[in-house]
């Protein structure tokens, strides 16, 4: 199942710190040496790769995308221009025939460890839109969505006994090497006679790829215009931010009340997060609350959002079985 972890709260309440950890002025590098200060995004990524390291090599791989939702438009922060430089490109989100949300042409980079992942996130952060307000000098004006797509090779419907021994692992890795991304493919070529062997055809018939998403979201802060003092373009940004956050609250409310229609398409943000908020997905909302008395109204609004999120009831996640064609003897 998919998982989404997001930080919600007013501007300046600590969402970016919660998700990314301390960001040095003018230097967006993650201070890995300060383990206690790491945010949720680097922590979650380190845990993902720790779990993958316990699997046989080649049985899983991870692809990363980094986007921002700015003024209800989606920008690919890993897209490159004709000179090879990172340059945010506008994308759109669509719903596939299977009812899944998808962003065509979105850049996905294959990463093999947490350091490569954090390097890509840093590149994306360089392009994120910020604007000073009376509440926060480096206020984020967009929602940051970092997605890890984890692909696992599954042999039929047997999740546990696929890699029972090292020899089985090595054999299946070679037989399925053509299914891996270019970065993780085995360089050894396969002979035509081997490719057409009955054993390999039977093995590849049973092999499935299971894709799951981990979406890590640093939401833009909700804010009161009178308190933040924004004008002009920043005022327009605030309008889009508050509308998208209201759309997110409406989606959670519809799910909590088990309505027949959930308004995912009312916002690009909720449409993008559809697969990680609805269905069998697991959602964790981190509420960030400012301690100041003057922010009481905003704090109560954030707690109201959290209450709505807590009302969402999930059924038991069921393991999906993959049918395997059996041959008669």
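Placed from the backbone N, Cα and C atoms, the Cβ positions cover glycine too.
Between the listed ranges 138-172, 173-207, 208-242, 243-277, TrEMBL ties the annotation region 'Disordered' to 173-207. Taken together, the residues of the domain 'Kinesin motor' (1-312) have an average pLDDT of 77. Counting neighbouring Cβ atoms within 10 Å of each of the binding-site residues (9, 12, 14), the lowest count belongs to 14.
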